[in-house]
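Listed in TrEMBL:
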type     : residues : note
COMPBIAS : 138-155  : compositional bias 'Basic and acidic residues'
REGION   : 134-155  : region 'Disordered'
TRANSMEM : 12-37    : transmembrane segment
TRANSMEM : 58-79    : transmembrane segment
TRANSMEM : 85-106   : transmembrane segment
TRANSMEM : 167-189  : transmembrane segment
TRANSMEM : 209-235  : transmembrane segment
TRANSMEM : 271-294  : transmembrane segment
TRANSMEM : 314-335  : transmembrane segment
TRANSMEM : 364-381  : transmembrane segment
TRANSMEM : 401-417  : transmembrane segment
TRANSMEM : 429-448  : transmembrane segment
TRANSMEM : 454-476  : transmembrane segment
TRANSMEM : 488-508  : transmembrane segment
Amino acid sequence: PLENEAKCGFAIILMALYWCTECIPLAVTALLPVVLFPMMGIMEGTEVCIQYLKDSNMIALQVLLVVGVKPSLLMMGFMSTTAFLSMWISNTAATAMMLPISSAVLQQLSDTEANAEEREYRLTAAMAGQDNQTFELDDTKQTNNKELKPEDSKQRRLKREQKYAKLLKGMSLSVCYSATIGGTATLTGCTPNVIMKGQLDELFPENGGIINFATWFGFAFPTVVLMLALSWLWIQFMFLGFNLKKSCGCGTNKDGDREAYRVIKDQYKKLGGMTFAEVCVLVIFTLVVLMWFTREPGFIPGWATVLFNKDKPYVTDGTVAILMSSLFFCIPSNLPRCFGKSKDGSPPEAPTPMLNWGVVNERMPWNIILLLGGGFALAHGSEKSGLSKWLGECLLPLQSVPPFAICILLCLLVAMFTECSSNTATTTLFLPIVASMATAIKIHPMYVMLPCTLAASLAFMLPVATPPNAIAFSYADLKVMDMAKTGFMLNLIGIIAINIAINTWGVAMFQLNTFPSWANVTKSH
């Protein structure tokens, strides 16, 4: 009868012991209930996390060696790599990481092409000189001599520089756009995704956890692949033309390409082997992703359902995140030497952990937490004050409009609004309104909330729209018109891809063609 009380007492004693000895940072110890209470069956993960925060808060060179050095294939490699990185790290960090690499590779290709032209020029000049010593000049020789004038060399250099300057613009835009697109693939990839889950759980608490890491990825990842493919074709057309045979290098294998490939391979070799800390990060990262995917996959019982969530959802994605993140404070950054000694003969000092609280405290984006909290408060306040009900009544005439048309119009509105506002603010503002509209006209709330969330990230036209846009704009000496012309079409591509996704595999995954019982606000009240 005192089983739960004993478990809770154990957790308190363990935390007291950790606090007294400071074996791990005090703040990390304070987060132990997020892991212990759900696993012991004392409290649900969401109920624990609400005491801190909402539960929702909680490679490149190798690719280039695979795709080669042709411009179109390079662009494809950079876009896929950047999109993959931005699924797990911030879009800004992925852009800042990939832009210097893309610039260095293009510079190497330009230098290689210049050296090849110089060798060809000297060889032609030498051959022409030998011919002039043996034969008299004729009309043909005069033509050859004209081709060897220094002015021709300058024209070729200028043409080459213009080509690679344009290519750098296209490559920079492809990197920043793919970072934004890739961030929508995972639930933790960008802030609007987290806001959407939080708003859904706040407004419809009986939704049964319809959105988790696995279900979000299952819907969003194919959408991202579709958007990346269409975006690659458009950027290819804008900056490289549409001669795929030439830009992809089908059937060609020049010495310059092989030289550039060797340079990339040498740079990859210079990276050396993985360190102990890098291996640990990779293992923890892989475990987190696997545990998120298998916690509650939907088509079979997940490990959390079998072990902990038999009657209530004790363990959530936030539980996994805190558990695995805590390991960074415990695992040493270097492989410890158990029996070694330092140079002066004294016992060796304990290695520092891979992460300490000072770094977290300095780099943690606390402002995002306040924004998320403000969004949840806005949604809750709208419900309590009756604003949601009033908005729903005002939008009742939309019942006569086909749902797919409503979805397209909302995506256009959100995509236009997010160009002038942050995607976080746009999502926070629009989601409670579209949720009220969905319940009023009796359509599945996710049928409009999910597309609007993805559309809030489609800010491709202006340099100030997103940090990745701003970085690429300054890095590649872009003009506003370059970004506006390319981004306008990408906005349309994104809206088309989102609406294709929501009306095909989205309907199949979430039964969006029905009105769920958990969305019946009147019944729940």
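Backbone N, Cα and C atoms are what each Cβ position is placed from, and that goes for glycine too.
By the Cβ criterion (distance under 8 Å, sequence gap of 6 or more), the transmembrane segment (488-508) is not counted as touching the transmembrane segment (314-335), fewer than 3 such pairs being found. Beyond the ends of the transmembrane segment (314-335), by six or more residues, the same chain brings 24-25, 28, 31-32, 34-35, 37-39, 41, 43-46, 49, 55-58, 187, 212-213, 276-277, 280-281, 284, 287-288, 291-292, 295, 304, 307-308, 350-357 to within a C-beta distance below 8 angstroms of the stretch. Across 167-189, 209-235, 401-417, 429-448, 454-476, the stretch most heavily in contact with the transmembrane segment (85-106), judged by Cβ pairs under 8 Å, is 167-189. Away from its own ends, the transmembrane segment (454-476) comes close to residues 91-92, 94-96, 99, 103, 168-169, 171-173, 175-177, 179-181, 183-184, 190, 192, 220, 223, 410-412, 414-415, 418-420, 423, 426-427, 430, 483-484, 486-488, 490-491, 494-495, 498 of its chain (Cβ-Cβ under 8 Å, at least six residues beyond either end). In summary, the transmembrane segment (401-417) does not lie against the transmembrane segment (209-235): fewer than three C-beta pairs, each 6 or more positions apart in sequence, are under 8 Å.
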